[in-house]
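A.B. asks: Here you go, one structure.
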Amino acid sequence: MEASLVPGTVKYSNVTDQQEHEIDCDYAEVIDSSRYIYDVYHRETIHHAEQILSGGEFLPECRHRYSTAIIVPYRDRQDQLAAFLNYIHNYLRHQLIHYRIFVVEQSDHKPFNRAMLFNIGAKVAVSYGYPCLILHDVDLMPLNSGQIYACSASPRHMSSALDWWRFHLPYRTLFGGVIAITSLQFQEINGMSNLYYGWGGEDDDLFERLDVSGIHICRFDPAYSEYTMLKHKQETPNKNRLALLRAASVRMNIDGLNTLRYKEVERRMHSLFTHILVET
């Protein structure tokens, strides 16, 4: 199931309509000039911030091939969000892709429901017309600029070489952190479960949904998949996660996008992101 593929050998899906620019974006140059980036806490103002449109949208000045929604579930991590937005915009601008950052914030006092926030973000992103979804934790930063934020033919585990695990994959079925998946694939598996309140289990549930649907995942070579994790407090574990996980494949058709219920409190276009405030 695992595939070690360098980005140059992968055919990305979801080519967008061509713009009026005369020059095609050169993605081979982006990959060939890939470099490691270590200063994830750099506080300098975002370079060329005027190029970022309202809502955290960026359009390169060439004919782009990829259009991506980056979905970030969020609550009570203001410093991490500030570091993430500064870092990821500087990182992504050089990739010459069309992208927009959606921050989905849980406003109620229930335990954090990361998977439901991904479902909400996916629903909104699809309504904006984005064919590729990046499910992205706020505390993870890519270290190699050659990891293009676009969807490959198979769902991709982008953060498979994490410094927290000494850049080794702890187990084969791990599928969380930063995930690239097409909107069609996400809808095919009915999104993620809405039942995982609290930490743990939802990523394994997602892998199970893909597995029983016959959708194989892929991973790039670890050199392109290195991420660093920002320090944070451990979330409260979900005591029901193992019981939920055991029934994941049975429950997937009646728990997900088709049963998504939430209240959208506010949607605001900030300069660096689209903010969706919700009650779950």
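Using the three backbone atoms N, Cα and C, a Cβ is placed for every residue, glycine included.
Got these off TrEMBL a minute ago, pasting:
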| type | residues | note |
| --- | --- | --- |
| DOMAIN | 44-152 | domain 'Galactosyltransferase N-terminal' |
| DOMAIN | 156-233 | domain 'Galactosyltransferase C-terminal' |
A.B. asks: May I have the DSSP-based helix, strand and coil counts for the residues of the domain 'Galactosyltransferase C-terminal' (156-233)?
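C.D. replies: In the domain 'Galactosyltransferase C-terminal' (156-233), the DSSP-based counts are 23 helix, 17 strand, 38 coil.
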A.B. asks: I'd like to know the mean pLDDT over the domain 'Galactosyltransferase N-terminal' (44-152).
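C.D. replies: That stretch averages a pLDDT of 93.
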